[in-house]
Amino acid sequence: MGSESSGTAELPPLPQVGIGTDIHAFEDGRELWCAGLKWEGEGTGLAGHSDADVVAHAACNALFSAAGAGDLGQHFGTGRPEWSGASGVTLLAEAARIVRARGFRIGNVAVQVVGARPKIGKRRDEAEAVLSAAVGAPVSVSGATTDGLGFPGRGEGLMAVATALVVRGA
């Protein structure tokens, strides 16, 4: 067994992975924001304290999870009125800043949105560009339906699941 005094090099830090989810119900009278984009002509938006962007929120939760930095509610929850009505992109940029301030580099974030609408594929490139700019690292977005099963399949709301990879060190 080596030791630092014997000249053995210190191993590089291991990557850390986090998982995040977010779920919001549709609510009449709200604009639909999803994956950092406003979706015109999609009918109702999502209920929430902020813009209720499930993709951005799940990405925030994944980043916080990977860095051991709490969760979305802790940083931006309903008890924090300064975040009321905030855009998901703003929250995501702030989440990335918090993670970096804790000494982590962000490798990437992958998010899958689950629901019947909007159809992510037609605006995937645009969404990935907006979210990647907010994070300062690659963000990929995919969509899935539930073949009519559960609340997303019945058109009652949206759900998103995300993973994030971070590594300690500048």
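Even glycines carry a Cβ here, placed using N, Cα and C.
Just so it is clear, the model here is predicted, and its values are computed rather than measured.
Residues or ranges marked as 4-CDP-2-C-methyl-D-erythritol 2-phosphate binding site by Swiss-Prot: Asp22, Ile23, His24, His49, Ser50, Asp71, Leu72, Gly73, Phe151, Arg154. In the three-state DSSP assignment, the secondary structure recorded for His49 (site 'Transition state stabilizer') is coil.
The feature divalent metal cation binding site is assigned by Swiss-Prot to Asp22, His24, His57. His24 (4-CDP-2-C-methyl-D-erythritol 2-phosphate binding site) counts 23 other C-beta atoms within 10 Å of its own C-beta, drawing on all protein chains shown.
For His49 (among others), the entry in Swiss-Prot reads site 'Transition state stabilizer'.
The site 'Transition state stabilizer' feature in Swiss-Prot is assigned to Thr145 (among others). Listed in sequence order, Val114, Gly115, Ala116, Pro152, Gly153 are the same-chain residues at least 6 apart in sequence whose CB falls under 8 Å from the CB of Thr145 (site 'Transition state stabilizer').
For Asp22 (4-CDP-2-C-methyl-D-erythritol 2-phosphate binding site), the same-chain residues that are 6 or more apart in sequence and have a Cβ closer than 8 Å to its Cβ are Val54, Val55, His57, Ala58, Asn61, Leu72, Met159, Ala160.
Taking the recorded positions His49, His57 in turn and counting surrounding C-beta atoms within 10 angstroms, the largest count is reached at His57. Counting only same-chain residues at least 6 apart in sequence, those with a Cβ under 8 Å from the Cβ of Phe151 (4-CDP-2-C-methyl-D-erythritol 2-phosphate binding site) are Ala25, Gly157, Met159. According to its DSSP assignment, Asp22 (4-CDP-2-C-methyl-D-erythritol 2-phosphate binding site) is in a strand. Spacing of His49 (site 'Transition state stabilizer') relative to His24 (4-CDP-2-C-methyl-D-erythritol 2-phosphate binding site) is 10 Å (Cα to Cα, whole number).
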